[in-house]
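Quick look at what Swiss-Prot lists:
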BINDING   10-17, 63-67, 123-126  GTP binding site
MOD_RES   137  phosphoserine
């Protein structure tokens, strides 16, 4: 059984924990409490299997605190990560600049492929959820961008997240198959 480690990172108060709970069907949190360090959610998704073999997959979703005081922990969090989801609040202009740093640290410096990274512009309840195009600078403008509004259209982000998980698992499965072929030949 394949097991994938996915990091949820991004600025403080961007909605990482709320989104993580929703996508893993964990408990709801009604009041804001900043994540201290990291919170690990383990889950399976019946819609995601390994390369059409029907083999189930397990996931670890690492909900990482957005405060820079945890920066010294980041190398440990990044170890063996298969994917990174950068969550930001599209209604806070400074978040657009901050996500460049998150991308640099968690994707570029870890030599993760861009296809293993997804941006989520999370719109909080009552924010209006303006879905206009965001002015993302290169290389962020090449990444998959999903708008999340759990009040108005919760299933859109769930469907996109499942597609993302499938792409991670397919990549892991192909890599494992290549390694097995090298051993055989």
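Each residue, glycine too, has its Cβ placed from N, Cα and C.
Note that the structure is a prediction, hence the values are computed from the model and not measured.
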| query | Once the chains shown are all counted, how many other Cβ atoms turn up within 10 Å of the Cβ of residue 13 (GTP binding site)? | reply | 15
| remark: Between the C-alpha atoms of residue 137 (phosphoserine) and residue 125 (GTP binding site), the distance in angstrom, to the nearest integer, is 27
| note | Candidates 10, 125 (binding-site residues); min other-Cβ count within 10 Å returns 125
| note | Across every protein chain in view, the count of C-beta atoms other than its own within 10 A of the C-beta of residue 67 (GTP binding site) is 13
| query | Hey, does DSSP put residue 13 (GTP binding site) in a helix, a strand, or just coil? | reply | coil
